[in-house]
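Each remark here refers to the structure printed beneath this line.
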Amino acid sequence: MFSFFFSFYALSVIFSLLFKHFLSSKGVFLLNTTSIGLFWAYSLSNLNLFFIKNKLIAIHLFRWFPLSAGYLVNFSFYIDTVAYSFTLLTLTIGVFVNLYTYSYFRYEPHISRLISLINAFIASMIILVNSGNLVVFFFGWELIGITSFFLINFWGERAPTFKSAFKAFSFNKFSDSAVLIALILIYANVHDLNFEAILNVSHLYSEMKLGSTPQINSWNLISFCLLFAAFVKSAQFGFHVWLPDSMEAPVPASALIHSATLVSAGVFLIMRFYPILELSLYFKLVTALVGALTALAGGLSAVFQTDLKKILAYSTISHCGFLIFLCSFGNFKLVIVYLFVHGFFKAISFLCVGNLIRFSKSYQDLRRMGSFFKYLPAEFFFLVFSLLNLSGLPFFFGFYSKTLLFMISDVLYFRDAIFCMILLSCITGLFYSFNILYYSFFDSKKARKSIYAGVISEYLRSYYYSNTTMASNIAIFLLIVSSCLLCAYLINFYLLSLSTATDFYLVYVKTFSFTLAPLSEAALLNYSFFYWIIAIFFVILVLFSYYQKKTTAEVSLAGFFDFFLGGFFF
């Protein structure tokens, strides 16, 4: 059944790309939304099959081409819990992004091309995460790169747009080259392309050396290439400069790129090739350090930004660092929980920000916004809910996922430095979330008269604005409901099945960690309470600063410490 729904969806995407001029925008929208909706409904029916029963399915669609004498490469799928998780996340966001796109760009001249490219991007990600062999994996890896280029370059007549698209494409070519080298070396060592064989027998070849240089372990070189590709694709520290520029893409495309597709492809690469990566001695240490450093750098950069979309872009870099950090632990259940929480609520944040930007007449600078609450109350509540989940405040899904970060940071080498970086990164999430909410919805002193002159009653009551805004808000609301249900399902089966944090420590940490120092189980219980204190302190700080004579509106966004001290002491 999976092959049927995927084939129907893929053919719908190809048909809409080839004949978009004959289908019209409504035809392209209905065809793609129907096919992805059916695919999503089928995926939802298999929740228990993969998340509880851990089912593994291998599907051979057709024979592709002969690689050598007697060896045929098949177009095949390898579906396990990891592949199903990424597929479900991508399809869930993709369904509502389609609805949002049609409402948001209904009167744009190139709406058919945008919807077709978005669905081609989704189909490319599904091919990648469900690939059954190395050739199909590389095919999907290349597809998400080329489709992301066309999405970022959607308004190619603008010079900055093409530069940003070419920059992202160039960086991704480095990751493509590294993946290609790694796949060739894997085939040279294992003499097989199928994931079923590679992942099961790779440990038997752990002592393989390169033929020309026998002093080099081939698996160390393979791990280096795979990690390099993952770090570039997931915008880790040093390779992150392409991601903020990708904000030139339309808002629905940005929601997909930053939540479920392009940046999460590097995370999937680590999870898929984990049996190979763990053969390297330094894999866990390097991954943990790079992830923690990226999370801190991305969070601090987001605090000092004034462009609304770039704040979310650097926030994505920070959360990608958290995901890479979790991958170093080796327990995929924890990565999947954090991936779902971040992916869903980051997509919701982008869709809400899209409505904000349209309302402000395409201004993205927070310094030119303010007092939008009375005009956009629905977007405010949607954005508050998503940002509180991303920040990890108590009583929200992000609180459970970020507690895992503190638990894991105490079982690694350099745990003091890593714990401090993770803690500071989580705190920065609270500050840039407050910046977005306060400076766009409540800061009336900073708002420009040009904005209010443009926001007139005729515009608010126009057929264009009222209908598109209502439809987009419905899409955002349905995505929130679906996200909450799926996140609650995952947290219930993956996290709350363990009665206490001490049970979590005994079952997972002592089994999978490589630390040599014994830790106190009682100390583990303090992390969540410690984060509670930080969160409550920040809420008091915000409330205190709001009612003071010296409001935060008079404090520059660039003065992070002035903002903090001004709100606390004045």
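Cβ from N, Cα, C; glycine included.
Here is what Swiss-Prot records for this protein:
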TRANSMEM  27-47  transmembrane segment
TRANSMEM  56-76  transmembrane segment
TRANSMEM  77-97  transmembrane segment
TRANSMEM  109-129  transmembrane segment
TRANSMEM  134-154  transmembrane segment
TRANSMEM  179-199  transmembrane segment
TRANSMEM  221-241  transmembrane segment
TRANSMEM  251-271  transmembrane segment
TRANSMEM  285-305  transmembrane segment
TRANSMEM  380-400  transmembrane segment
TRANSMEM  417-437  transmembrane segment
TRANSMEM  476-496  transmembrane segment
Candidates 77-97, 221-241, 285-305, 476-496; stretch with most C-beta pairs under 8 Å toward the transmembrane segment (380-400): 476-496
Contact call for the transmembrane segment (221-241) against the transmembrane segment (285-305), three or more Cβ pairs under 8 Å: yes
Cβ contacts the transmembrane segment (476-496)/the transmembrane segment (134-154), at least three under 8 Å, sequence gap 6 or more: no
Proximity verdict for the transmembrane segment (77-97) and the transmembrane segment (251-271), three or more C-beta pairs under 8 Å: yes
Non-local residues, at least 6 beyond the ends, that sit with Cβ under 8 Å of the transmembrane segment (109-129): 6, 9-10, 12-13, 16-17, 20-21, 23-25, 28-29, 32, 36, 82-83, 86-87, 90-91, 94, 97-98, 101-102, 136-137, 139-141, 143-144, 147-148, 150-151, 154, 250, 252-253, 256, 260-261, 265, 268
Residue numbers, six or more beyond the limits of the transmembrane segment (251-271), whose CB comes under 8 Å of its CB atoms: 82, 86, 89-90, 93-94, 97, 100-101, 104-105, 114, 117-118, 121-122, 124-125, 128-129, 141, 144, 148, 151-152, 154, 175, 179, 226-227, 229-236, 243, 277, 287, 309, 312-313, 316, 320, 323-324, 327, 332, 335, 339, 342-344, 346-347, 350-351, 353-354, 357
Distant-in-sequence neighbours of the transmembrane segment (179-199), which means Cβ under 8 A and at least six residues beyond its ends: 58, 67, 73, 76, 78, 131-135, 137-138, 141, 205, 208, 218-219, 221-222, 225-226, 229, 269, 272, 275-276
